[in-house]
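Database features, via Swiss-Prot:
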type	residues	note
DOMAIN	154-267	domain 'Fe2OG dioxygenase'
C-alpha cells in the first residue's frame, strides 16, 4: 500500500481556478477530497442517524416493506450481506459486510414521512453539489467530447447509506481481506462521506498511480471518486479508480464499525456509449453489442450483485 496523500480542494478553489494545475492532475487520477460543497457535517449526521435508527429499531416487517422487489433498482433497505460486489467483479463470492438504505429521484420506499423529508432534502443538496463538481472535473481534463454537459448532468442519481458493522472474527483480514471487493463505480462521479472507525482503522482505499492509497475520514470533506462514465466522455483522460473496503486484522475488530454515505451521480438510463471504446478504456463491459445504454449496463450488474450464493 502506498503512503501517497490525496489532496483536499475546496469548492471555492475549483470555482476560481486558484489551484487549477494541481486539480487537473488529480482529476486525471480520478480521486480527491472536496470541502465547502454545500452539505454540512450536521446534514450528513442527521441523514445518517435517521437511517441508523431504522436499521436498529425497524421491525422485520417494516424492513421487508421497504425492500425492493425490482432487482435492477437500488431502492430502500438492503440487509446485511444481501449483496456481493465480488460477484459483479468476478473476484470471488464473498458478500459485502454491510447493510444499506438507498433512494433516487423516483420509485422510493421510505419507512416514514419524517425519513422521507430528511432524506429528500439531503439528496437534493448532494445532487446540486455533485452536478457542479462533475462539470468542473470533466472540463478540467481538456478532452471532454460527450454530449451537451447540461444533458449529461440531468441525471438519474442514487444516494446510499452503508453501515459496516463491527467485523466478526470470521471476516477478519486473516480470513477475508475485504469487507467489499475492488470495483469502480458506475457513475459520472461519486461523493463518499464517511465516519471513522472508533479504533482508528482506515477501511477505504483507492488506486492511485497503480497503488492502493488509504482514504481516511477528513473533517468536513467528501471523497470524490470518478466513475466509469468519466473515461467514456473524456477520451479516457479521467479514469474510474478501483477502490475497496478492507477488513481489519483480528486485533482490531472491536471499534471497526463505520458508516459511508455515498452519492452516485449516474447518467440517465438512455445514455449511450460505445462498448468497444469502453473496453479500450479498461472497463469490463460484457454486453454483446456495439452500442449500449447505461440502463443495459447497470441493470445487469444489479441483478448479479443480488444473486448471493450461500
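In case you wondered, yes, glycine gets a Cβ from its N, Cα and C as well.
The average pLDDT the prediction assigns to the domain 'Fe2OG dioxygenase' (154-267) is 93. For the domain 'Fe2OG dioxygenase' (154-267), DSSP puts the residue distribution at 11 helix, 46 strand, 57 coil.
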